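Here is what TrEMBL records for this protein:
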type    : residues                                                        : note
BINDING : LYS7, TYR8, GLY9, GLY10, THR173, ASP174, TYR179, LYS209, VAL210 : ATP binding site
BINDING : THR47, GLU74                                                    : substrate binding site
DOMAIN  : 264-338                                                         : domain 'ACT'
DOMAIN  : 344-410                                                         : domain 'ACT'
Amino acid sequence: MGLIVQKYGGTSVGDIDRIRNVARRVARTYDAGDKVVVVLSAMSGTTDRLIAMAEEACERPDKREMDVLLATGEQTTVALLAMILKCMGYQATSLLGFQAEVVTDCSCGAARILNIGASRIRRLLDDGQIVIVAGFQGSDAEGNITTLGRGGSDTSAVAIAAALKADTCEIYTDVDGVYTTDPNICKKARKLSRVSYDEMLEMASLGAKVLQIRSVEFAKKYNVPVHVRSSFKDEEGTMVMQEDADMERLVVSGVTCNKNEARITLKGVPDRPGIAFRILNPIAEAGILVDMIIQNTRSGNITDFTFTVPKTDIRDALEISKKVAEEIGAEEVMADPNIAKVSVIGVGMKNHSGVASKMFAAMCEENINMIMISTSEIRISCIIEEKYTELAVRALHTTFGLDRPEEKLS
Ligand code: ADP
Ligand code: ASP
Ligand code: MG
């Protein structure tokens, strides 16, 4: 008898018929003799609708109350699935994050899981029950409800699998695995049968939202095998696992894009020691994550300073930057939300030269201007105008030989 954690995403629980489909899959696993813990997302669109409602209610909704509100999405789906399973004759119990003892820090909206007690989950499993846990939520030491950031149910599932030492964590979603790039953008994307934790980590952090980054970090740290697969088909999906000797080692193994960043530029900044600190320290103190940073040299000890932040933080970042600009005597501040980051990723890049120039040639061929560029040992990213995102992804996918071979017509 094994222990399996199954997580179903928003599309997979999008309406009552789909929740019934989930119930049938869960029942099948249970009937095969395994213990099952199910982790659910809210119905697709629900979290966005709740955020929109809060923004209609007030301009800057209180963060604690926002988490109380957002957690209701997952509360709905766990209750519905438990009801359906009970009607089918199974013993099932739904638990909210705090009831499953998911303890987090207190950073509302982006809380990190510190510990999962899981004693109640274990008791229920030992009783022969199917346990259904609300994803995306936990509670802090004071008992306040917290949420884990968008896509956080993946992290709930992997963390619960780690705490229970489950045999596997299955992530059921609306695609049938992890692909070389988003299959909804590039029809020629190829499904990977296996992908290493490290490459998945890089893909997730650069925009492949099929898994939340934190979930891959947990999986790697606690060595949880993760199986990403479709909730609508039975075929095997992609195993996310420890790198092994016969995994494909391509120079570039994936292409990603991220439209969730915005760019801020301070023009005409005096070029002297301490300026980067003066600009970025207040941003960090406001809890805003800065991704790319670029500083140009101009004549006469004057420079332009550009950085990117999450789109959701653009208003706060702009306000702070305007204040700093006045203090340091910068000429003006500009914000541009219409950007995207496209990246090519591959561990094989470490030992190959010429990857960057190949990427730049592909962008040049499509006449796409690169606004910012950054590189690491295993990836190259550039910021472009948002409207060219899909074009850039497809061009890079082809350039680096990732396209699926044409299917032969017989
Ligand atoms: P869920 O609601 O099940 O959590 P998400 O929408 O969060 O699903 O994640 C699945 C989506 O991730 C897919 O529909 C796909 O558009 C997107 N995606 C982005 N990059 C990739 C990739 N490399 N492989 C597979 N899917 C990807
Ligand atoms: N419902 C949350 C979201 O939409 C969490 C999740 O689906 O994983 O981001
Ligand atoms: Mg998701």
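Counting starts with 1 at the first residue shown.
Using N, Cα and C of the backbone, Cβ positions are placed for all residues, glycine too.
Taking the features listed in TrEMBL, we show where each one sits on the structure.
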residue	record	Cβ contacts under 8 Å, 6 or more apart
LYS7	ATP binding site	VAL38, VAL39, LEU40, SER41, GLY135, SER153, ASP154, SER156, ALA157, CYS169, GLU170, ILE171, TYR172
GLY9	ATP binding site	SER41, SER44, SER153, ASP154, ILE171, TYR172, THR173, ASP174, SER231
THR47	substrate binding site	GLY10, LEU70, GLY73, PHE136, ARG150
GLU74	substrate binding site	LEU40, SER41, ALA42, LEU96, GLY97, ALA134, GLY135, PHE136, GLN137, SER153
TYR179	ATP binding site	ALA189, ARG190, LYS191, LEU192
VAL210	ATP binding site	ILE171, THR173, VAL175, VAL178, ALA204, VAL228
Within the domain 'ACT' (344-410), how many residues are helix, strand or coil going by DSSP?
30 helix, 14 strand, 23 coil
How would DSSP class VAL210 (ATP binding site) in three states?
coil
Under DSSP, is GLY9 (ATP binding site) part of a helix or a strand, or is it coil?
coil
Residue counts in helix (H, G, I), strand (E, B) and coil for the domain 'ACT' (264-338), per DSSP?
29 helix, 26 strand, 20 coil
Cβ under 6 Å from an atom of ligand 2: which of these binding-site residues qualify? The list is LYS7, THR47, THR173, TYR179.
THR47
Packing count at THR173 (ATP binding site) (other Cβ atoms within 10 Å of its Cβ):
24
I'd like to know which of the binding-site residues listed (GLY9, TYR179, VAL210) lie near ligand 3, counting only a CB under 6 Å away.
GLY9
For THR173 (ATP binding site), which of the three DSSP-derived states applies: helix, strand, or coil?
strand
Where does GLU74 (substrate binding site) sit by DSSP, helix, strand or coil?
helix
